[in-house]
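Okay, so here's the structure we're looking at.
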Amino acid sequence: MASRGILHSELKEPLLATLRKRQIYADILRSCSKNKLLDLGIQVHGALLTIGFRFDMMLSQDLIDMYGKCGQVVRARQVFDRMPERNLVSWTSLMCVYVQNGRPEESLSLFSQLGSTGLKPNDFTLSTNLKACGMLSVPRIGMQIHDVCLKTGYDLQILVANTILDMYSKSGRIAEATCMFETMPGRNLITWNAMISGYNLAGNGRKALILFRKMKEEGEVHDEFTLTSVLKACTKIGAAREATQIHASLITNGFQYSDKASVAGSLIDSYSKCGKLFVARRVFNQIDKKHAISWSALILGYAQEGNLAEVMDIFRLLRESTIQVDEYAMSSMMAIFADLALLEQGRQIHGFSIKIPSGLRISVCNSALDMYLKCGMTEEAEKLFDKMPARDVVSWTVMITGYGKYGLGKEAIHLFNRMQSHNTNPDDVTYLAILLACSHSGLVEEGQEYLSKLCSDESIKPRVEHYACVVDLLGRSGRLVEAKNLISSMPVKANVGIWQALLSACRVHGDIDMGREVGHVVLKMDGENPVNYVMLSNMFANAGYWEECQQLREMVASKKLKKDAGRSWVEIDKEIHFFYGGDDIHPQAQQIHGVLEEMGKRMKQELGYVNEAKHALYDVDEESKQDNLRVHSEKLAIGLALVRGGWEKKTRVIRVFKNLRVCVDCHEFIKGLSRILQMVFVVRDANRFHRFENGLCSCNDYW
């Protein structure tokens, strides 16, 4: 008996030593996973292969998790594929890796394969794939997983229930999300946060604020995420009073928001976008350790007010500070310069971005692409795109959109096909971009083909904007009846925008009867928008229906409707010059008017050009109610460029940018100017880019 006990002890000692060694390696791998120590993790993996733990299930699962946390998805998959045996934890670990690394479709594919193994999903497996459905916005698959939860009872577990709610919110099914919220047997902070965020995503900031009040009444304590979401709701609906109340309650309750970057940034953003920049600046100044979020929020606030000088000054202070500028700040700044088409400043920020680690992120590169395209620099955008080490669907979509704005439809189609050959699937925004490109280039058959592909893609739900592109495309080609029939037969509800597209086509092709009918629909849907009266007025003016033009003018006057002021700007020698219609405040105003008058005379003599007076007299969209068409803002900007020697530099392209649509007369004027001066003018208006060369425009006179 004694000898048997000694033998048992001798066998037990090596086993215990092996188990201890196994646990040590497991602990090291979990530490690598937590701290993202990839190099050490790879060394441990190598050691496991040589000491007999190659096929250990637990350690393999730890390796999958470690590689996933370090962003090494391919290596995680290789470990999974080499496992001789797998349990539910093995499968779920890899699904989690895919979701964490932004590859939710692969998680769902793995979930589908799990069904053939005989293993039953648990609460973590289900919640992981529900999250994947939310990321992809595929409620159909999400509903199927929800059904599994109902049958297994996992829907009663709060972890799973919260994920179901979040999935519906992110998939645009706010009614189902609300139903889930109201029927849950129990709620925690995550539940409330998911529902508040869901209302924000659905564009219902008011309901988000109501739910926040209910949450406080029920005694639930908020966290940073709650406050950020609620302040975002205030921002969306312009609820300055509610934002102030939340701010006051934070101060009263001793909440140190100045130490919470996301909350402080949201406060600044909310005040800025609600028109309270003074308060936003005060909050900003109270923060001792300013985060890039706060800087970005304030910069965006001043940009919204059009205070470019303050924007540049704050960004200078940011660069001089010790703050590490993050990708959000970089992208935000580039978005500002893109919208204002400030090329020189955009180049500076791009140059700065490539010198810091966050500037190499794909989101920053995408913003730089967008900036160059919106500044009219397609070649620079193409060079940057080709050099990008990695591209996502946004990268391709930005380029396709840019080509579309330039009327380069064939190039956009080529890029769309190239994207798919690189295994990047288009999303709803990509389809919108390619349809716009077809519309701007008059590619009718191609546009109809892409709409058909979109409708057959079960992972994407077509929106009214997609159909509006095809309506515009059919309208451009004179197929007005087909365009109207498409609106009548489409499965989504028509909005005012799609009817505006048809009305514009009626104006171009002179179909007054249909235009009158469509105009009635447009004014009924949105009778407070002066743009709609402008479109109708232009149509009647073109056809000589002066009485109806006058009636529209009287309606606008009686409603006291005001349009956005027309504003154009031009960059000369690294300085930005802004002009409004009828502007006389520029120091060189007299010279500008002189050169425009001289150009007008030359064009009349050489081309027979005369001002389109009918639009000036009856177009309710005339800038600043000026009768003299020479004072439109885009002409003043071009005039300054010519005064500063633009026509002497024959190889130079003059680029002008406008916040509204270019009027008919200015369009004709710039076409003529490009011919008599043998120069290229590039004008970006609210719709697209116009490249004027040799008396022709890239838009083919349809914009």
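Glycine residues also receive a Cβ, built from the backbone N, Cα and C atoms like all the rest.
Unlike curated records, TrEMBL annotations are generated automatically.
Taken from TrEMBL, the feature domain 'DYW' applies to 608-703. Annotation comment: TrEMBL describes 87-121, 188-222, 291-325, 361-391, 392-426 as repeat 'PPR'.
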Counting by DSSP secondary structure, give me helix, strand and coil numbers for the repeat 'PPR' (291-325).
26 helix, 0 strand, 9 coil
State the non-local partners of the repeat 'PPR' (188-222) in its own chain: residues 6+ outside its ends, Cβ under 8 Å from one of its Cβ atoms.
158, 161-162, 165-166, 168-170, 172, 174, 177-178, 181, 229-230, 232-237, 239, 242
Counts of helix, strand and coil residues, the repeat 'PPR' (188-222), according to DSSP:
26 helix, 0 strand, 9 coil
Grab the pLDDT values for the domain 'DYW' (608-703) and give me their mean, rounded.
77
